[in-house]
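Since the structure comes first, as structure tokens, the remarks are kept for the end.
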């Protein structure tokens, strides 16, 4: 712990993306205070510029040899840099999609943008955290920002209710996570991930030490499973996705998943990989439950945000399944799936926002009726997105599922793979409901696209990218594998 006192300023360049973003938050907040409400566009462009420069700084650190600084609490490695670039890109896209929605729902305010930047800062700390304390600090910065974002539409009772549910359940999950961390710290004597890894790999551990580590592991897995939205810790997901403003749902469903995945890797792969035999069984149960419940309950939903919430739970199950194999290729397959999920989810919620207009919010599957007749290009884009989510070849959603199942079979869990395939087939049905609504159901209502050209352009690129990555998945899979 004394290492925390030794603060070497010559190493600050390693945390330059975080330092720049923190400075940008302060500057944007100050500038926004003096801007008239008619000039909030300036704040929007400032945060986009801040995200772009932060992403550029992180990109310049890709392929840099691993460096651990600040007394072992902060790490620069390839995974951290790549994830930060993806987080900046995904947040920029999410903000482009959200701009029209924020204007029409009177949420185009400086505090919204600052909260987004604060949550991104928390995620960056989580991605580079290399001690239990740093990881928890990043998680709380993220969580507190998200609580406020969900409740930012103060006049909406469902948004306030969703924020309260998320806050209460999040506080319980944070307590469980902290309790698990305290047990690991108590038995290993260190908060540092490297020290914990050395202790856990010690073959001379007695039964008492092994028991305490296992108990700590259980609480850690429960805490992280809640943040990911895995069954049975998923209760907040449907309510938050449905109750929060759609722009917030878009953000919550995508970028924080990258940070939660990174936290999972730091604690369980970097720190407790030698205990894989213990935590892999937990992951297997959680992943199967998530895939099963997410696939079945989504069939009963008519609200598209709620349906996509259960779809997210199912996707989280697939991501966790990649960890069961316990190999670098398995972890790489999980990372690939996670990045693909973010790409698909951005596009799906982007389509929902695209169809929103003043005084009317798209939230039912039936609202997509006749989309092909009135906006055939965007019906085609939605078709690509939905088929990819369903795992139809040759789209990227198919390859992400295939790589995960390949690793599960390679690890000898053939029965698990068969069960997962069955539920994947079941899940295709609720995706087909949207396609049926767009192409085969008639409506008297005329669908008009009110969104600006930049949103339409970025959304089209997003959907085409899903198709392109599916046709040429090798580069992205190699990138994911290079992280481990």
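Glycine is treated like the rest: Cβ placed from N, Cα and C.
Straight from Swiss-Prot, the features:
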TRANSMEM  11-31  transmembrane segment
TRANSMEM  42-62  transmembrane segment
TRANSMEM  79-98  transmembrane segment
TRANSMEM  167-187  transmembrane segment
TRANSMEM  211-231  transmembrane segment
TRANSMEM  248-268  transmembrane segment
TRANSMEM  279-299  transmembrane segment
TRANSMEM  313-333  transmembrane segment
TRANSMEM  335-355  transmembrane segment
TRANSMEM  378-398  transmembrane segment
TRANSMEM  408-428  transmembrane segment
TRANSMEM  457-477  transmembrane segment
Near the transmembrane segment (11-31), which residues from the same chain, at least 6 beyond its ends, have a CB less than 8 A from one of its CBs?
42-43, 46-47, 50, 53-55, 57-58, 61, 67, 69-70, 74, 76, 84, 110, 113-114, 117-118, 120-121, 124-125, 128
Let me check one thing: do the transmembrane segment (211-231) and the transmembrane segment (79-98) come into contact, meaning three or more Cβ pairs under 8 Å with sequence separation of at least 6?
no
Interface check, the transmembrane segment (457-477) with the transmembrane segment (79-98), three or more C-beta pairs under 8 A
yes
Flag the pair the transmembrane segment (79-98) / the transmembrane segment (335-355) as in contact if three or more Cβ pairs fall under 8 Å (sequence separation 6 or more).
yes
